[in-house]
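Database features, via Swiss-Prot:
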type	residues	note
SIGNAL	1-27	signal peptide
ACT_SITE	SER60	active site, acyl-ester intermediate
ACT_SITE	LYS63	active site, proton acceptor
ACT_SITE	SER115	active site
BINDING	LYS220	substrate binding site
Amino acid sequence: MRIFKKAVFVIMISFLIATVNVNTAHAAIDVSAKSAIIIDGASGRVLYAKDEHQKRRIASITKIMTAVLAIESGKMDQTVTVSANAVRTEGSAIYLTEGQKVKLKDLVYGLMLRSGNDAAVAIAEHVGGSLDGFVYMMNQKAEQLGMKNTRFQNPHGLDDHENHYSTAYDMAILTKYAMKLKDYQKISGTKIYKAETMESVWKNKNKLLTMLYPYSTGGKTGYTKLAKRTLVSTASKDGIDLIAVTINDPNDWDDHMKMFNYVFEHYQTYLIAKKGDIPKLKGTFYESKAFIKRDITYLLTEEEKENVKINTTLLKPKKAWEKDASKIPDIVGHMEIMFNDATIAKVPIYYENERHQKPKKQFFETFKSIFLNAAGGAKWSI
């Protein structure tokens, strides 16, 4: 077939889906925070932002990183001996005493629910070996996550260091990562906790979770005299997971609910590419054989049209493949999803064989499909 005379061929399919109008979101959402952001927890797409890259003091939302490192240390069931240094830490506390023996898990709950600064230091000393060692781990993790405008100097966020700062954007990145950890999800979303190794019962300070917002799934509060009110919160509704961050915001509860409600009202998750067979390959070598292993979804508004494209690139089939299927590579191409001329997803295309089986067909879909209702035929570029 002439269509295979080049090394690759590209199938480009355009869909009638809407364009994100960021200006519309900015006009509809007005927050009092100095910095703010709300992102899709699945894709990381920024849905609204205000000075999101401005470096600012962040107060106790610092403790999200402290919790992440404690959880990932694998030491949650270990017993921590509380130091005098931890006990002397000023500010909010869970009232530890010197020499007290507490399970690390209890300290992390006290850190997240009651914002215990003493717990933060006890965690840091146990997990990092010392405060300096733990701070090094915090900054190393921040670098790994791409938090380019963040610098940690302590595990709690107190104003004792000039160069302790982050941004709304970076804290959203951190929280997106943290929410992938089951222990973090559970702790962050706990309303009341009874400590296992202390005579304490703690209620979460996050009023969105405990009182104000039915779709809240967790978060972390913060306040210092210099940072003012800071807040990270998460919410879920109808399969949409959101992350909101505000820094220096006197009306943070209201602003978070305002951002959440706007997104839940105007956005929905669309199925852009369905796992399994790739349409528009009829009459080709790859018909009924080329497939992707996962659904590709994206959060979009109803108004967004014509700005999502799928570029499917496949290897040119060789004559030897027709004679001996074992010579066909496992991965024969890739599917690239473009939105507003930017790549939002790129997944490998597999050729069905004994090692790679197509996903089973699903009879029910949870997402609104735009892939199956594509307008027009395929455009071939050779």
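Glycine is treated like the rest: Cβ placed from N, Cα and C.
What Swiss-Prot annotates, mapped onto the structure for a quick look.
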residue	record	DSSP (3 states)
SER60	active site, acyl-ester intermediate	helix
SER115	active site	coil
LYS220	substrate binding site	strand
Nonlocal neighbours by CB distance (under 8 Å) for SER60 (active site, acyl-ester intermediate), same chain, sequence gap 6 or more:
SER92, SER115, HIS156, GLY157, LYS220, THR221, GLY222, TYR223, THR224, THR230
Count of other CB atoms lying within 10 Å of the CB belonging to LYS220 (substrate binding site):
29
List, in sequence order, the same-chain residues at least six positions removed whose CB sits under 8 Å from that of LYS63 (active site, proton acceptor)?
LEU111, MET112, SER115, ALA120, PRO155, HIS156, GLY157, LYS220, GLY222
